[in-house]
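Chemist: Next up is a structure, given as structure tokens.
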Amino acid sequence: MQLNSTEISDLIKQRIEQFNVVSEARNEGTIVAVSDGIIRIHGLADVMQGEMIELPGNRFAIALNLERDSVGAVVMGPYANLAEGDKVKTTGRILEVPVGRGLLGRVVNTLGEPIDGKGPLEHDGFSPVEVIAPGVIERKSVDQPVQTGYKAVDSMIPIGRGQRELIIGDRQIGKTALAIDAIINQKDTGIKCVYVAVGQKASTIANVVRKLDEHGALANTIVVVATASEAAALQYLAPYSGCSMGEYFRDRGEDSLIVYDDLSKQAVAYRQISLLLKRPPGREAYPGDVFYLHSRLLERASRVNAEYVEKFTKGEVKGQTGSLTALPIIETQAGDVSAFVPTNVISITDGQIFLETDLFNSGLRPAVNPGISVSRVGGAAQTKIIKKLSGGIRSALAQYRELAAFSQFASDLDDATRAQLEHGERVTELMKQKQYAPMSVANQAVSIFSAEKGYLKSVELNKIGDFEASLLSFMNSEHADLMKTINDTGDYNADIEGELKAGLDKFVETQTW
């Protein structure tokens, strides 16, 4: 059979049209070294900083070092089964974690996988762990309070929505307790909470989760866990994962609170990764970009304006601002706040709550040192009644500490100095508060009012706690309407002052403690 040229060309065209090839563009490389959770890869020509690299066995690594002829990557999890010669490939995406309301009440790992045995997660999508913080124009000034429930904090070191307030102190001094109580106090405020546990024992985290559940706060909280036994990469990334989960609420016009417990351990994990990647060490062997490690994380905590929220939600949410408030925790060694990481985080944040070992050991809990604790922006957000009443608390405590040190050497004190010392002693005693017992605004206002207006003068020092408990019980039963008004509005005027005074006068005349 002979074919003419036309038939041949038609046949070729037909075959070309019918030709079907499935092509997959992949950038493959080969592992040339594996050690201590770090892999070195040759042959990856097109890879991004922070990109996920797919490993054999459906595992992933993150590219951190991009060198001329190799890529240094850190493995997300166990690496014992990896070997030289294994093939890897790029994915073209950076690490993302699930976000949404379905995560509330759940315990997840750094990758957003559930580890609480409650079944699969319900989520609203995925968000990258590394996100650029909102710009200056997209932000709104801080003017709404976050009540921690602690008299010492809410009166002297107030925290606003969108603020970054550092909790700093030595180990076993009540840093986590303060943060957990702040979370418990948000269960009825509408503020969604994220608790990020980095480098802690699994038993410690289990206890925290149990306490949150007991006090009804777990349903309002996402717990992100990277235990001490997990890979350094997971400990380093856990705060960023938790931040993305908190930003979900901020960007939709809601308020959220995130606790990083603690950033010292995150910095140690990052130092470990950097040294294994052969990056040049700096002060205290930390890499040069350890400041950027924390600044890019903490800058994401912000209060954003209504225009930002409307633009993000494509017009679904209008006229609402959103906020992400951060409470980072830093552990110091023997009270040394001038070490590298503490000074970095102090300079990044909007204030710090300094917890002191000597105060803790003397029985003052929370062990807040009011002299060097400060809130740089929270004053504008403080509840009106607490702001008006607490003006003299900080100065009374500061004067008391100075005079107490002086009075140890002075045998005879004048009446004014003795009165200041006695007032300071009573205020110090009043600032004590039990764990898992956050106080409402009205209860705080009544306690501070009793100190400021001199009702504690006739109370023995060891009876201050009993006096306060009886007073609050009396006010909540006999003056319930007044307490509700204070809690609802936070206002302070002549009428409220008169009612408070009448209530305390009646209590002192008729009640015992």
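Glycine too: its Cβ is placed from the backbone N, Cα and C atoms.
Sharing the features that Swiss-Prot gives for it:
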BINDING   GLY169, ASP170, ARG171, GLN172, ILE173, GLY174, LYS175, THR176  ATP binding site
SITE      SER373  site 'Required for activity'
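Each of the listed features needs to be described in terms of its position in the shown structure.
Modeler: Long-range C-beta contacts of GLY174 (ATP binding site), restricted to its own chain and to partners at least six residues apart, with a cutoff below 8 Å, comprise LEU355, PHE360, ARG365, PRO366, ALA367, GLN435.
Shown in sequence order, MET156, ILE157, GLY351, GLN352, ILE353, PHE354 are the residues of the chain, 6+ apart in sequence, with a C-beta less than 8 angstroms from the C-beta of SER373 (site 'Required for activity').
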Chemist: Restricting to the chain of THR176 (ATP binding site) and a gap of 6 or more, list residues whose Cβ falls under 8 Å of its Cβ, or answer none.
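Modeler: Result: VAL208, ASP261, ILE329.
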Chemist: On a simple 10 Å Cβ count over all chains shown, which one of the binding-site residues ARG171, LYS175 is most densely packed?
Modeler: LYS175
Chemist: For the binding-site residues GLY169, ASP170, GLN172, ILE173, work out the Cβ neighbour count at 10 Å and name the residue with the minimum.
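Modeler: Least crowded of the binding-site residues GLY169, ASP170, GLN172, ILE173, by Cβ count within 10 Å, is GLN172.
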Chemist: Identify all same-chain residues not among GLY169, ASP170, ARG171, GLN172, ILE173, GLY174, LYS175, THR176 whose C-beta atom falls within 8 angstroms of the centroid of the ATP site's C-beta atoms; report them in sequence order.
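Modeler: For the ATP site, the extra neighbours are GLU331, LEU355, PHE360.
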Chemist: Look up ILE173 (ATP binding site) in the DSSP assignment and reduce it to helix, strand or coil.
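Modeler: DSSP assigns ILE173 (ATP binding site) to coil.
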